[in-house]
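Chemist: So TrEMBL lists the following for this protein:
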type	residues	note
BINDING	77, 115, 239, 243	divalent metal cation binding site
């Protein structure tokens, strides 16, 4: 019996595998755009590389086009968020999508499904605090799916040992491999007994959430003021710095394992194994100078 995945298009395969990682039903479908973004009409079934990125920028697209065995890009942020009236080469993003499709490369975006899944980005964000936590839970719960109990947006962790805010800053910088973060504290600082986290932009999720500290990528000036006036400290890292390390630390080995579990033991193709790569061109657009 031959390999059951040989004739399966890469996009169809990733959709099947993704149901074991972060089902799209977990996403915030009321506003988010998740799933297939473009489906290449003529994929090469022998190309078994996947490229992970946070944003599908022209630089990432150029990197993808330079990889001869690439068949799929998993772009965490959806490159198509609202309806397009045309697809032309004059627009940099549309040009990238057209060139990728022409080369047989499809694009899939998981976004908030990967935020909500129990082993997703928000659960990974609280890892530095798990050894001293007495409980943690999602801030809001997602649709309950068998095997994905506890899924939801954001996380709040209650600590068994209070921390000084500067201890938290160091733990966050070490975890995210950052030299700098932004910190806002109330006039009267207090020990940190609870931390609410949200990958990316967390202000809307934090509304009404009582915690000693908010950790997210970005909040507006007035949202930060409102938080510290209510006695909550804030750590901001820039939007994608809360997301990008997850790709190499968690998703790359996980997705590669799931893809290769689809390969039949009788598959003797010389390039039969799937390889998942993390983009080298993907980076946060803001930097400290």
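Cβ atoms are placed via backbone N, Cα and C, with glycine included.
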Chemist: Name, in the order they occur in the sequence, the residues of the same chain whose CB lies under 8 A from the CB of residue 77 (divalent metal cation binding site) and which sit 6 or more residues away.
Modeler: 54, 55, 56, 109, 111
Chemist: When a 10 Å sphere is centred on the Cβ of residue 243 (divalent metal cation binding site), how many other Cβ atoms does it contain?
Modeler: 25
Chemist: Beyond the listed site residues 77, 115, 239, 243, identify every same-chain residue whose Cβ lies within 8 Å of the center of their Cβ atoms for the divalent metal cation site.
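Modeler: Neighbours within 8 Å of the Cβ centroid, excluding 77, 115, 239, 243: 54, 76, 111, 121, 199, 200, 217, 240, 242.
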Chemist: Count the other Cβ atoms sitting within 10 Å of the Cβ of residue 239 (divalent metal cation binding site), across every protein chain shown.
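Modeler: I get 21 for this one.
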